């Protein structure tokens, strides 16, 4: 086998996934802390700023259904590379001085390209690490959240060195690094014929990237993995994921867990400033929120091993958000505690949700369809919530009322967790 065709090892495969994931959040989380500066500079009120924050999330909803056909037509490697290149262009455009259209169009381009990464990453995990879905998901989400936290914490200090445009535009450097690391996948491929054939029917060769991992969560994936003795009784077979009740449950859970995350990274600094906290301190509190999420990202795979399925994890992460959001309204003086608890909830919930895409899919083709559907519908819900959040603040003025609304969203997530956490698997023909 020539050097150019030699398959990439698990470490390189994982590194590529992680570095792509790194660039899916800083371009979004850096906005919240400098949102007041953006509004003052461009002349946007709270409702318009809420809509601006919603643009990427609504783009996720619109673009996500298109990603599965792109993956089938061009393949995972080429699709992700193109998304990274366009993401870099959108990041530069958003930060350029000039007409307000640069801000809006750049933000929309960023949302569209991040949507591609959001859908493609769970598919890459299911294909390259089919028996380590929770563990691999936790790894890339934790690293992703580290950089999301850095972006929020550094946003105001970087803006102080120049303007908010520098604070948002500097992340093109990380995007360039991701492009450089992703290129070997195109030149050398991701696997040899033996591994590809095994992945076609879900059997990862011994010692490959899909080497089995212990624990009920991964064990559940093994029991449902294609290539086992036939299709088990716990597999639901449908012609399309859009006709599968299980797929709608995953999509709804995606939306309910995404809503608090995007509302908080957009409005938490402003809510804290309503409570008398300075802008820089509020930005670092958002950093703390995301730092707590990192810890939860790493702990979530273990949490998912509690019980015979994932119901405990799906319910527990939502319950924590209920406590934290109501805590701010009842005892604002404990804001640091509540922010940490919110971060733990959001971080664990994200890993649980993305893992469910893989664990509820029979193979990586089904995972591609389920990922696109769940992220489209889920982000449509989260984006709509962001628009409503801006309108609510315009109508009611400063205060933590938004957090009371998020507590209601988390209660709905808790109830749905009982259903989506049950062990069941979807196969789309």
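All residue numbers here begin at 1 and follow the chain in the order shown.
Every residue, even glycine, has its Cβ placed from backbone N, Cα and C.
Unlike curated records, TrEMBL annotations are generated automatically.
According to TrEMBL, the feature transmembrane segment maps to residues 164-184, out of the candidate ranges 164-184, 185-205. Of the listed segments 46-67, 222-243, TrEMBL assigns transmembrane segment to 46-67.
Contact check: the transmembrane segment (312-331) against the transmembrane segment (401-421) gives at least three Cβ pairs closer than 8 Å, residues 6 or more apart, which meets the contact criterion. Relative to the transmembrane segment (46-67), the listed stretch 377-395 leads the set 246-270, 337-357, 377-395 in CB pairs under 8 A. Counting C-beta pairs under 8 angstroms (sequence separation of 6 or more), the transmembrane segment (337-357) fails to reach the transmembrane segment (164-184), with fewer than 3 such pairs.
Distant neighbours of the transmembrane segment (103-125): 13, 17, 20-21, 23-24, 27-28, 38, 42, 52, 55-60, 62-64, 67-68, 70-71, 76, 79-80, 82-84, 86-87, 89-96, 133, 136-137, 140, 354, 357-358, 364, 367-368, 371-372, 375, 379; these residues of the same chain sit at least 6 beyond its ends, with a Cβ under 8 Å from one of its Cβ atoms.
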